[in-house]
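Inspection log for the structure reproduced underneath, given as structure tokens.
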Amino acid sequence: MSEVKFVKPKNVSGHFLKIKCKDCGNVQVVFARPSSVVTCNICGATIAKPTGGVLETSGEVIESL
């Protein structure tokens, strides 16, 4: 089983981000500084996790809102 790689997005200008799930392609809006793990509404994969600051994401950041 391969490990999912999480990265911090650069230049987060808004409070919310549109993130695309790597597993199913679903796009959902996520708070940029979450206090809990964020899972995909469609497939249940973890797409973001808290770090005490800006989130770490396993998906692709589409847009900063």
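Positions of Cβ are set from backbone N, Cα and C atoms, glycine also.
In Swiss-Prot this protein carries:
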{"type": "BINDING", "residues": "CYS21, CYS24, CYS40, CYS43", "note": "Zn(2+) binding site"}
{"type": "ZN_FING", "residues": "21-43", "note": "zinc finger"}
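Within the same chain, the residues at least 6 positions away from CYS40 (Zn(2+) binding site) whose Cβ sits under 8 Å from its Cβ are CYS21, ASP23, CYS24, ASN26, GLN28, THR46, ILE47, listed in sequence order. Broken down with DSSP, the zinc finger (21-43) shows 0 helix, 7 strand, 16 coil.
Residues LYS22, ASP23, GLY25, ASN26, ASN41, ILE42, GLY44, ALA45, ILE47 surround the recorded Zn(2+) site, their Cβ atoms falling within 8 Å of the Cβ centroid of CYS21, CYS24, CYS40, CYS43, which are themselves excluded. Sequence-distant contacts of CYS43 (Zn(2+) binding site), defined by Cβ-Cβ distance under 8 angstroms and a gap of at least six in the same chain, are CYS21, ASP23, CYS24, ASN26.
The binding-site residues under consideration are CYS21, CYS24. Their Cβ neighbour counts within 10 Å are lowest for CYS24.
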